[in-house]
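Remarks on the structure that follows.
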Amino acid sequence: MSMVYINIFLAFIMSLMGLLMYRSHLMSSLLCLEGMMLSLFIMMTMVVLNNHFTLASMTPIILLVFAACEAALGLSLLVMVSNTYGTDYVQNLNLLQC
């Protein structure tokens, strides 16, 4: 396994650990999720290019489309929560809270 794959895997793990540790604010959670998607995109692109998978060449582009949709929904949720409650705490997203 080359050093590039190890670095990208470590970037994914660091983003996952950031998502698990800093989950009180919605903005930091969205940023960690974007880091995970970016490292996953780079890893998929490198695997497709190195192994010459012609049938799977569209897979990284499809992942980017889903990442863009996730980012748009996350930012709209962030704007809605910050306009409603004044903060971006994740605890405000609990629908069962009275």
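The backbone N, Cα and C atoms fix where each Cβ goes, glycine too.
Annotation source Swiss-Prot lists transmembrane segment at 1-21 (among others). Residues 28-29, 31-33, 35-36, 38-40, 42-43, 46 of the same chain lie 6 or more positions beyond the ends of the transmembrane segment (1-21) yet place their CB under 8 Å from a CB of it.
Under the heading transmembrane segment, Swiss-Prot lists 29-49 (among others).
Marked as transmembrane segment by Swiss-Prot on the basis of sequence analysis: 61-81 (among others).
Distant neighbours of the transmembrane segment (61-81): 26-27, 30, 33-34, 37-38, 40-41, 44, 87-89, 92-93; these residues of the same chain sit at least 6 beyond its ends, with a Cβ under 8 Å from one of its Cβ atoms.
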